[in-house]
Amino acid sequence: MSFMHSDELKRAGLKATLPRLRILQILETSESRHLTAEEVYRQLLEADEEVGLATVYRVMTQFEMAGLVRRHHFEGDRAVFELNESGHHDHMVCTACGRVLEFYDEILEARQQSIASERGFHLSDHSLYLYGTCVGMQKEGVCSLPDDSAAGARSQGEDHGGSVKS
């Protein structure tokens, strides 16, 4: 597994150091698709890895600059990172439980392109975050999004799933 990680880092123009390899492995294997640098750091500590929090922040920024991860600011000023592997998608964030559901809607994407074109604007990228409360939190105070939201979203015909954000 680390050989594949090493190749990914080299293709991104980064040397395959142990901290980078471990952080990439955590991002790829975590149940949550959206992690803060602090959550990555905690997982490193739990695995008895001696990598400092400042190193995690630096590596995450390097990964972002190399296009390996995307940075999001769903709520407040805390950055959340996800691997940049699943193509374009948008996010719905439950403000009560913190879960993030990824989705893709062709009609919505086409409308955004149309709006940009009508105004002579070349759209190169965009981010859409919808904030609200999931049905379970509204009705019962318990999150209604499954732990594996990725499987649930795909089964509903959507391209991408999401997961818990702490």
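Numbering starts at 1 and runs along the chain as it is shown here.
Keep in mind that glycine also has a Cβ here, set from the backbone N, Cα and C atoms.
Note that the structure is a prediction, hence the values are computed from the model and not measured.
Listed in TrEMBL for this protein:
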BINDING   HIS88, ASP90, GLU109, HIS126  Fe cation binding site
BINDING   CYS94, CYS97, CYS134  Zn(2+) binding site
> Taking every protein chain shown into account, which of the binding-site residues CYS94, CYS97, CYS134 has the largest tally of Cβ atoms within 10 Å of its Cβ?
Replying inline: CYS94
> Cα of HIS126 (Fe cation binding site) to Cα of CYS97 (Zn(2+) binding site): how many Å, rounded?
Replying inline: 25
> What count of other C-beta atoms do you get within 10 angstroms of the C-beta of HIS88 (Fe cation binding site), across all chains shown?
Replying inline: 12
> Which of the binding-site residues HIS88, ASP90, GLU109 has its Cα closest in space to the Cα of CYS134 (Zn(2+) binding site)?
Replying inline: ASP90
> C-alpha of HIS88 (Fe cation binding site) to C-alpha of CYS94 (Zn(2+) binding site): distance in Å?
Replying inline: 20
>> Applying a 10 Å Cβ distance cut-off over all chains shown, what neighbour count does ASP90 (Fe cation binding site) have?
In response: 18
> Any idea what the Cα distance is from CYS97 (Zn(2+) binding site) over to ASP90 (Fe cation binding site), rounded to a whole Å?
Replying inline: 18
> Secondary structure at HIS126 (Fe cation binding site) (DSSP, helix/strand/coil)?
Replying inline: coil
>> Long-range neighbours only, meaning 6 or more apart in sequence with Cβ under 8 Å: which ones does GLU109 (Fe cation binding site) have?
In response: HIS88
> CB neighbours of HIS126 (Fe cation binding site) within 10 A?
Replying inline: 11
